[in-house]
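Undergrad: My questions all concern the structure below.
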Amino acid sequence: MSEIAEKIVVPDTAVTANENDTTTQKDGNCVSWIQSSLKTLIFIAIIIASISSRLFAVIRFESIIHEFDPWFNYRATQYLVNNSFKDFLNWFDERTWYPLGRVTGGTLYPGLMTTSAFIWHALRKIGLPVDIRNICVLFAPAFSAITAYVTYKLTCELKDEKAGLLAAAFIGIVPGYISRSVAGSYDNEAIAITLLMATFMFWIKGLKQGSILNSSFAALCYFYMVSAWGGYVFITNLIPFHVFCLILMGRYTSKIYVAYNTWFVIGTIASMQIPFVGFLPIKSNDHMAALGVFCLLQIVALGDFIKAKISEKKFKVIMWVSIILIMIGGIAGLFLLTYLGLIAPWTGRFYSLWDTNYARIHIPIIASVSEHQPITWPAFFLDTHFLIWLFPAAVFLMFMDLKNEHVFIIVYSVLCSYFAGVMVRLMLTLTPVICIAGAVALSKLFDIYLDFSPIFSTKKTGTTKSSVMTVLTRALVSASFIYYLYLFVHHCTWVTQSAYSSPSVVLPSQNRDGSMAIIDDYREAYYWLRMNTDYDAKIASWWDYGYQIGGMADRTTLVDNNTWNNTHIAIVGKAMASPEEVSYELLKEHDVDYVLVIFGGVLGFGGDDINKFLWMIRIAEGIWPEEVKERDFFVNQGEFRVDSQASQTMKKSLMYKMSYHGFPDLFPNGQGQDRVRQQVVTAADVEDLDYFDEVFSSENWLVRIYKLKDLDIEGRDLSDFAEFEKSKNTKRSSNKRPEIDLRV
Amino acid sequence: MAPVIQKKKSVASKDDIQKDFMEAINLSISSYKSQVRNNKKLRLIDIFATMLVVIGVFQTAFVGLIQDNYPFNAFLAGFIICVGQFVLLMCLRLQLTHPFEGISKSKAFGEFVVASLILHFTCLHFIN
């Protein structure tokens, strides 16, 4: 990656070259030609850097879709490519959320799938039939290149092209953005950040010029954004808030009126075209701010018209009276409408933004997702490196200029810093503004300290000593910052390759001798399901694996990552947390054929179902507080244990039995060493499974699949039957033994 | 903008404030008249805008009258196109009375046409 490092440092030196060129201004024509060709060169370098640093995953592993949500997007894209667009919008998916099904076409953001299907068709038209999987895998890196360009344009509006180039280079390789846009991470965010930047870019342009056209483009980008990501609400609130701030600062001009109203009117009606959004823009309170500012602007425009005609003193009286009356009317109207149920109450996700504990108390399903947790301090540094401490300085510098567009960046950074502190995933929206602000600050610094022109003008003015000192300090400061830039590139490359380039479907590990080994248990298990089970078999698993089972095994699932129905998820949670006989009844009621659990005890894989078990219990407890109690799963000291001290409820629960079924037998003397929880599980702890048969355990026991036994022909209870069988024949079937000490 | 001013009349409570308001409204109306008198384009825009307001009010009144907004999307599209076109007209009007730097009057008109086309296309699509 060192070559990329060099390429990234190129902008700074090139920028200074540009700057020195402009100061001389001898033959302008030649210089401008050199400038533009240098700029093109820098851009090509940035694009190569931003794409290639996202390809670690493909090179290390293979061209594969990552994680969980991308598998659904991939499946939906396949559906779109194989069917018409109309079928796609009307898609009712009966193979998820069994037996409810999901109105998939009406509950997804189609922007991502439509774009990749469009690319697929376009490439076929020009004679390049590319596999849809490869398009999906390489989608995010390609769009990151566009993001770099759009960010450049946006930063140009804020300062100048030098800052723009820096911002483009930053956004191209910053880990905070790479985290969601490596090759294979085929998620909504991959396209959404590009559109976010594009919307803001056109918005700033429209605001600066008062141009209807640019604002219309902003609205179209906004529409595209709405079609791609639920995070569009951020734009819906940020732009009105910006305008509101400008009005409060007394900066109202006709340009603001033109830009905002054009954006709002076209953007709102366009966003309603997305089936999933529907009438939300006029009903949900999340969108009310935009509507409110729209009305406010009309009044302010009228006031502006009147203000020009009458004396200032009289206008003040009129203004205050009108403002008070309008505020009273507006608030009363809002309350009345909410009270009458005409507009939706504030949604839970909205509350969880303000009160970090809201989700934990009221909606365990939201809190259980790791990306909804508050961010930790090191994560800021990990994701943005030295930009994070340039960021406050940059916001301060914005205050020094404080034009309308600077107000925008200030508002954006303040809001987003807060929200990123509440939810990890919103770090993604904070990262672009950190890059932009950092680039502006750095280029301001370089403007001063990278300017070595005093060397050439010393003879005319001042003593040589002071000029030497000036040059020395300048050289020192710029050298240290260029070194920081080098470190930044180094850090970005390192973080990208170590933290963000794992597909999490395939796990990397090391053999004893240090060579790389790939743990491919997930795919092994899903492939087993695909090959060995009936096409209509229903698989129960925790919701995390729903999309993967749907995408890779092509089997019907009970719950998946869409999490639209809390009760249905609680059913699975209850089944996992209950004793065998209760779970069996429950699962039979839901027609389940197989149960799949993820068990990391053999491998030492921390993200397994036992570690997620508490969330299952909590979610189930939310629906059936009488039958599932979180307290019962802890030992007396309030600990969550799995060894011989574990509580009886824990040991009896289906999840425990399934995870540790046959586990102690793997080890000498039946002393099963759980590598995740560092506890010993003995054969005496693990009771037999009477209602389920183990049908498959993957190579490292990461995925274990159990089949529900059929009802007994003679109508006996299955546990009685098992007792009977055991007394008849004491021989136990031997489990296959994975080589457990193979990997470190 | 005349229709919006009308609403303001009911606002005043005290005598002096009422007097101020009356004066402000009178002044605005007279200056508005002088602005429009010799400008056919502005008059055309204002007539169009008034028509849009009338249509919007009519649609809302109709929905209120039949006590049902069943094809809500159709009503919404019809209403929003009135509001949207009105607002776009106001934008154009602002640009014609006080042109922004960098945007000539004819360019402003061109941009207005493009924005209106986008608006009409989406609304037509929304009506079904």
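The first residue you see is number 1, and the count goes up from there.
Backbone N, Cα and C atoms are what each Cβ position is placed from, and that goes for glycine too.
Bear in mind that TrEMBL entries carry predicted annotations, made automatically and left uncurated.
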Undergrad: Among A:107-123, A:532-548, A:702-718, where does TrEMBL put the label transmembrane segment?
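TA: That would be A:107-123, per the transmembrane segment entry in TrEMBL.
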Undergrad: For the domain 'STT3/PglB/AglB core' (A:539-588), how many residues does DSSP put in helix, in strand and in coil?
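TA: The breakdown for the domain 'STT3/PglB/AglB core' (A:539-588) reads 32 helix, 5 strand, 13 coil.
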Undergrad: Are there three or more C-beta pairs under 8 angstroms joining the transmembrane segment (A:107-123) and the transmembrane segment (A:430-450), sequence spacing 6 or more?
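TA: These two stretches do not touch.
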Undergrad: Taking A:226-248, A:288-306, A:471-489 as candidates, which has the most Cβ pairs under 8 Å with the transmembrane segment (A:107-123)?
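TA: It is A:226-248, which has the most Cβ pairs under 8 Å.
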Undergrad: Looking only at the domain 'STT3/PglB/AglB core' (A:539-588), what is the model's average confidence as pLDDT?
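TA: Summarising the domain 'STT3/PglB/AglB core' (A:539-588) by its mean pLDDT gives 85.
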Undergrad: Would you kindly list the residues that approach the transmembrane segment (A:288-306) from elsewhere in its chain, counting only those six or more residues past its ends and only Cβ-Cβ distances under 8 Å?
TA: 236-237, 239-241, 243-244, 247, 252, 254, 256-257, 260-261, 264-265, 268, 281-282, 315, 318-319, 322, 326, 330, 334, 343
Undergrad: Determine which residues of the chain contact the transmembrane segment (A:407-424) at the Cβ level, with the cut-off under 8 Å and only residues 6 or more beyond its ends counted.
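TA: Same-chain contacts beyond the ends: 158, 200, 203-204, 207, 234, 238, 241-242, 245-246, 249, 352-353, 356, 370-375, 379, 391, 395, 398-399, 430, 433-434, 436-437.
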